[in-house]
Amino acid sequence: MAVVPLLLLGGLWSAVGASSLGVVTCGSVVKLLNTRHNVRLHSHDVRYGSGSGQQSVTGVTSVDDSNSYWRIRGKTATVCERGTPIKCGQPIRLTHVNTGRNLHSHHFTSPLSGNQEVSAFGEEGEGDYLDDWTVLCNGPYWVRDGEVRFKHSSTEVLLSVTGEQYGRPISGQKEVHGMAQPSQNNYWKAMEGIFMKPSELLKAEAHHAEL
């Protein structure tokens with residue numbers, strides 16, 4: 001697992017597997033698995049040849065590819081403190097670690113399936129409001145061992161994979177796109193990564209619930 005460079009970002013990081021119990025938090029760096037098609041959300045400095053021409057986002061079967069790491073951040077123009085648990089229904093940004101661009105969608109057509117294009121956009125983590133995605137899950141928080149959906153906050157499509165496969169130069173990678181209808185194609189799960197420990201806020205809430 002290529003996480004050594006990420007460990008330099010701060011001493012509070014803890015590298016753990018997604019099988020550990022706990023919530024997903026702001027500041028964590030994770031790989032996201034589409035559970036229907038068994039591919040991880042991926043990006044790279046390869047642009048679409050049609051549509052927006054922005055950086056492409058795909059799904060890959062490789063477990064070890066460092067281009068599949070995404071940092072979880074607060075929605076556009078906000079700061080989500082490291083270690084803050086992500087609530088179900090909360091808008092977030094997913095920033096591609098290696099290129100600094102955010103998961104993004106807009107009213108362009110995806111190249112293979114004709115659904116809504118999903119791209120990576122912005123520079124050094126800053127793009128626009130079309131980078132915001134709402135986490136859909138059951139319960140109060142996004143938990144590591146639970147499946148979630150990501151709903152684009154502006155256009156309301158769901159981040160999806162339906163199996164269409166690219167040829168060169170990204171041969172074998174699957175198209176990632178936005179779909180209006182919920183289905184098994186839009187479930188995701190946090191897998192490998194570096195998870196920030198939950199903040200004191202969650203501990204305080206848990207203590208209050210016990211009283």
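Using N, Cα and C of the backbone, Cβ positions are placed for all residues, glycine too.
Noted in TrEMBL for the protein shown:
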SIGNAL    1-18  signal peptide
DOMAIN    21-75  domain 'MIR'
DOMAIN    83-138  domain 'MIR'
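Residue counts for the domain 'MIR' (83-138) under DSSP, helix first, then strand, then coil, are 3 helix, 28 strand, 25 coil. In the predicted structure, the domain 'MIR' (21-75) carries a mean pLDDT of 96.
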